[in-house]
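Here is what TrEMBL records for this protein:
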{"type": "BINDING", "residues": "11", "note": "ATP binding site"}
{"type": "BINDING", "residues": "51, 138, 150", "note": "substrate binding site"}
{"type": "DOMAIN", "residues": "277-350", "note": "domain 'PUA'"}
Ligand SMILES: Nc1ncnc2c1ncn2[C@@H]1O[C@H](COP(=O)(O)OP(=O)(O)O)[C@@H](O)[C@H]1O
Ligand SMILES: N[C@@H](CCC(=O)OP(=O)(O)O)C(=O)O
């Protein structure tokens, strides 16, 4: 089955771009650029989220063991990003294409204003037929402010730009139903329903240079597919993988997209770290919100206002075990919410249109 997209996000992991010795694999990067150029020539808009700065840095400098991991990553990424982006610029120039560098940190998405600032810039680049090459800026983003990895960043970009698909290239054929190293394990071709428990067959093992692992990939892929964006996970080391995935020829894992969510819901879905308030909802409200009927969060379903928040803030909805149920925009502040706690016939605290369910 081939796919007819007009805007896609392509994420390439470190292990696809590097040889086993950690040096950049120029032959493979060249082949991937050829494929991306061919896709762009079909009129498909592409944003590339590329790891590999740290890996490129390793090919240029040796870091003494005495430096901690954060400092080493900053040093390697600062040096390596120059080499990485220059490699892309020179290779795309051969196809008469212009690429650009977009380095971001999680902080750049902290509120709607900053989020829209990045969105506007990426939209402008695409309008000018430029290929944005996005990467997390490891030089300035420190541990607590970092994305888990570029999979998370790629999922955010796909949602922000209302892409039809996110293609994630890693060093295995897709998500296996067991340990990928075992012959008995098979690639799962399609994943449809949210809430699949991947922990029974996705291990926390990461590839040699990967940062997030398959667990972060699957969680991000489920969230993005739930927002209405198809997610394809395939093997970036295979010949013609990108064009073959689009033509439905390559074995890989596809997360089937659900109903397309609004732009606002997509933003809310990626705003957990900027949430200020936390409200605990009761079992009845949890069941109602997760039913097929569009339901707002009413005060009658709230059991506790756990933290302060203002009207318009992003708030977390948690259950009695403090597990995240969803995120939403508060229609009024915590004080008013406390006054209305448990009451019937009161205005919704979170309207359905501004509610994202995990
Ligand atoms: N069930 C699974 N299916 C596929 N890969 C898995 C699974 N469980 C763990 N993995 C590991 O996840 C790795 C890919 O994730 P990661 O290291 O983050 O790569 P990348 O650099 O592409 O982001 C694979 O190399 C594999 O070792
Ligand atoms: N900004 C980092 C990204 C690291 C990362 O997410 O790696 P991976 O898990 O291989 O996609 C770099 O360029 O090395």
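Quick reminder: no glycine exception, Cβ is built from N, Cα and C everywhere.
Unlike curated entries, TrEMBL annotations are predicted automatically.
Of all Cα pairs drawn from 51, 138, 150, which the record names as binding substrate, the longest spans 11 Å. Proximity to ligand 2 at the level of Cβ atoms, with a cut-off under 6 angstroms, picks out 51, 138, 150 from the binding-site residues 11, 51, 138, 150.
Reduced to three states, the DSSP call for residue 51 (substrate binding site) is coil. Between the alpha carbons (Cα) of the residue listed as 'ATP binding site' and residue 51 (substrate binding site) lies a span of roughly 8 Å. DSSP assignment over the domain 'PUA' (277-350) gives 16 helix, 22 strand, 36 coil. With every protein chain in view, the residue among the binding-site residues 51, 150 whose Cβ has the most Cβ partners within 10 Å turns out to be 51. For residue 11 (ATP binding site), other Cβ atoms within 10 Å of its Cβ number 30. The local packing around residue 138 (substrate binding site), expressed as other Cβ atoms within 10 Å of its Cβ over all shown chains, amounts to 25.
When secondary structure is read from DSSP and collapsed to three states, residue 150 (substrate binding site) falls in the helix class.
In the three-state DSSP assignment, the secondary structure recorded for the residue listed as 'ATP binding site' is strand.
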